[in-house]
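*Asks:* Quick one: this structure, given as structure tokens, is what I'll be asking you about.
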Amino acid sequence: MALRLATKNFRSKISSMLSSASLLHSHATSFGFKEVREEEKSQMVGKVFSNVASNYDIMNDLMSAGLHRLWKDRLVSKLSPFPGMKHLDVAGGTGDVAFRILESISSIRRRALQDPLNDGLQEETQIYVCDINPNMLNVGKKRAVERGLREDKSLTWAQGDAEALSFGDNSMDGYTIAFGIRNVTHIEKVLDEAYRVLKRGGRFLCLELSHVEVPVFKELYDFYSFSVIPQLGELVAGDRESYQYLVESIRRFPPQEKFASMIAEAGFQKVEYENLVGGVVAIHSGLKI
């Protein structure tokens, strides 16, 4: 009964806030359930991720019970990395996805070690990790050193904006973005940029927290999101507000079908998505043909 009452209150609060957010004028956007000017959002999101950077990995483990590791493994398996590829991982500051891609390529090379035709492909492989937040990039660089990758020329760290990438047209074989696109101001611009930098035949992959539709599971998920996660943020990271924003931003992100249509509108073909854990997260993909 208590859970049902709590989730009812959450739904009422969310509905009210979303209704208010729907009245945003042309130069405003959402920051969680708040209404803010577009030029303010990137600064506010930047502050959130500067605050959470040092505890980002441990909080991901706690919030997802470690499942985020499996979700990222699934993302990389869909990418099918190959030696010699040029890949861009956006909003990937801590390196979680990039390290997995490099390990996948290294595994392929180890299996093909006796084949002289593969000699030198390691040098040609280039994984770019792009993030707008320098604190998140610093966490990733530190982790790279801990993994013995300080001198690995296959890995490049770049500070940049997903809405205005510095990479050339048709320059990448793959593009990934994990748990990042819901934090941008203009999703359409991010998708356009992803399409621009990918080569023909290149794959776009997005791993993002999404929408649960199964009623009972949704009630439990809402209760966990709004009651437990901010509390965890306060206890572990000393920052309730940042994690309150993070759970609110999930509810503001487009549902799976809507996001798929946005990817198609950016020019991608063969667009599809896979729900994981009942829609708690979804992996969307598309090809530039």
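Yeah, the Cβs are placed from backbone N, Cα and C, and that goes for glycine too.
The following feature annotations were taken from TrEMBL:
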type	residues	note
BINDING	THR94, ASP131, ASP161, ALA162	S-adenosyl-L-methionine binding site
*Asks:* Using a 10 Å radius around each Cβ and all protein chains in view, which of these binding-site residues has the most neighbours: ASP131, ASP161?
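*Replies:* Result for the most crowded candidate: ASP131.
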*Asks:* Taking the residues THR94, ASP131, ASP161, ALA162 listed for S-adenosyl-L-methionine, what is the greatest CA to CA distance in Å, to the nearest whole number?
*Replies:* 16
*Asks:* Take the Cβ of ALA162 (S-adenosyl-L-methionine binding site) and count every other Cβ within 10 Å, whichever protein chain it belongs to.
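*Replies:* Around ALA162 (S-adenosyl-L-methionine binding site), other Cβ atoms within 10 Å: 24.
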*Asks:* Given a separation of at least six residues and a C-beta threshold under 8 Å, show me what packs close to THR94 (S-adenosyl-L-methionine binding site) in the same chain.
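*Replies:* Long-range Cβ contacts: ALA53, TYR56, ASP57, MET136, VAL139, GLY140, ARG143.
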